[in-house]
């Protein structure tokens, strides 16, 4: 298991990609990504919910059934392919990494995967960036600001830099 050192918390609160006020602004870009059969990974319940409202079905959705730490009930019904994993806040478990990699290798538009995290899913962005194809889009919410669009090829080195600084336990 990897844990987030306190000194990295403020750094990881900064967007790893381009921040947009709304998913609507990049809707066309996301539909294009799907039409080219390129991977979209959604991290977070609000982001996933907003994508599905726009009829954008990410091949991988990583959720924890909370929005801003408050329980949320939603119905992700675009797939029966549901995987459960425990991942404490401020951590990246080996199991989460394995499930992210397995999902990246198997998920398609016709076979999407929902990863339901018991704990917190926020740091899943790092193993996703490090293991996804370079043309993958990863989206996650930036609380009170909007949504972050991460282009893996642009964020890989930054994610690798952060990942190396996590504490191994």
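Note: Cβ is positioned from N, Cα and C throughout, glycine not excepted.
Taken straight from Swiss-Prot:
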BINDING   45, 64, 66, 121  GTP binding site
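A coil conformation is recorded for residue 121 (GTP binding site) in the three-state DSSP classification, outside any helix or strand. Between the two most distant C-alpha atoms of the annotated GTP binders (45, 64, 66, 121) there are 10 Å.
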